[in-house]
Amino acid sequence: MKINRQDVETVALLSRLEMTPEELEAYAVQLNAILEYADILNKLDTKGVEPTAHVLPLKNVMRPDEVKPSLPRELALANAPEAEDGYFKVPKIMEG
Amino acid sequence: MELFKHTAHALHDMLQSKQISAVELTNAVFARTDAVEPKLRSYITETREQALAQAAAVDNKIARGEQIAPLAGIPGALKDNICTKGVKTTCASRILANFVPPYDATVVDKLAAQDAVLVGKTNCDEFAMGGSTENSGFFITRNPWDTDRVPGGSSGGSAAAVTAGQAIWALGSDTGGSIRQPAAYCGNVGLKPTYGRVSRYGLVAYASSLDQIGPFAKDVTDCALVLNAIAGHDAKDSTSINAAAPDYTKALVQDVKGLKIGLPKEYFAAGIQPEVAAAIQKAVDQLVAMGAEVREVSLPHTEYALPAYYLIAPAEASSNLARYDGVGFGHRASGSDIIDMYKKSRSEGFGPEVKRRVMLGTYALSSGYYDAYYLKALQVRTLVKQDFDKAFAEVDVLIAPTAPTTAFKIGELSDPLAMYLQDICTIPVNLAGLPGISIPCGFAQGLPVGMQIIGKPLAEATIIQAAYAFEQANDYHTRFAPLGEG
């Protein structure tokens, strides 16, 4: 077993997902199958092999530091589930 | 022949010579959609009013005697993960069901500069995660060749729309085969450009190091025209290649003399439907008869590409999709505190495949597993890329099946891992960032078979030329799906 129900619960929390007990069971089975399949990677000796996070040899793409028009506030807020006085509104994040 | 059956290049000539008007053409495409959409369901959103205004503007230009751009007045569709200002962009996800982008993707700007007519936003697997369009958060799309079958995915709506004449061309996005595989299943032409060739600005991110936008078209000529319209450097995408794009129509030459073709033996291994392998072999024999040379090559790490991809792509996805938190945009559920709000919003908004990949990626990136899974996968990615480098030292292009089988039945692949195996021939190309094109090369039990031609980085012209030479020697691209008979 690569990943048990308990692990899935932890990963779900880290992923900010809420799961029913049935979902936790089902995902444990499915993620296990995928991770077991991924085990074949361990057949390869990759000692000393550079990782490729990105195929292009691009580094630090810069542009001149010039002020340009930005998205108007009303457009930036247009899709907000809740907004007030020009700000995004969220549930209380602190006690008191 | 009905207008929706013509290619973009034929329609361009008809528009410029005033045989037809752009408004007439656009209405013909709408009428076609009215007729077939109940069966296929290619579109999430249609933009008819806007399209007719764009078409009328093109007609005015023609009336003034102006020379119009190749795609001017030609109706096309966009996968619904490409941002359109003022037009809903949902990624086929309930979490973005009402999202209206405040800006256009760069490809949309470029198409507007050509006066292209945009008729709608097509269905796909949610956030482009899947290979059948069954993972759409809204509804499934059906294959025009057999409506009991999937159109492929994730860009299934774009593929079905082009095959059925609901659009003359379309854009999709390809992270692990999501343009090429549906093009193969629907019997049209689909091209994934070199990573960085087309700007990703405004493409909703799934796996940023793999995603690329590309065209669906009825033939290779149209594919070159759409690629011409969208390719090139973009300062808004820091991963865009800073080199001018050539005119890809110059590659529309019917000549493969001396072209060195490599057949990667691993792509013809067990699991490939025999009729698919036979169709590819027949096509290669034909190219050889036309003057190409062929040799077998080996990409020894092929079997490792798929598991590496299914760690890398979900890892990137888990990070990219963290932005859907119910704060700035998208669905928000009410919760007892902010964490509860995040969890409820995301759980209600995301479908099962997205949740599966977000969790898989979160796990692969989490403390204690990062080296064993994510880093290991990135090292394997290097080996996969080196395989291609070695092969391309000997040959100009690689030819392989696009997918191991023809289109499968809706509901047939219910196991996630079985579904992932459909990407076995396309995923390595994304890991290496290479260009690949799928063109129809035959039929098996009435379903189209796609041939994939893979090129060196930025060698889109080479694969287009090989594809064009093959296409012109055959008539597969002129056949209509059963729904295409009108």
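Placement of Cβ uses the backbone N, Cα and C atoms for every residue, glycine included.
When pLDDT values are averaged over the domain 'Amidase' (B:24-463), the model yields 97. What TrEMBL records for B:24-463 is domain 'Amidase'.
Note on B:K79 (active site, charge relay system): other Cβ atoms within 10 Å of its Cβ, all shown chains, come to 31. Taken from TrEMBL, the feature active site, charge relay system applies to B:K79 (among others).
B:S154 (active site, charge relay system) carries neither a helix nor a strand DSSP state and counts as coil. Within its own chain, B:S154 (active site, charge relay system) has B:C124, B:D125, B:A128, B:M129, B:G130, B:G131, B:T133, B:N135, B:G172, B:S173, B:T175, B:S178, B:P182 as residues 6 or more apart in sequence whose C-beta sits under 8 angstroms from its own. Taken from TrEMBL, the feature active site, charge relay system applies to B:S154 (among others).
If you look up TrEMBL, you'll see B:S178 marked as active site, acyl-ester intermediate.
DSSP assigns B:S178 (active site, acyl-ester intermediate) to coil, not to a helix or a strand.
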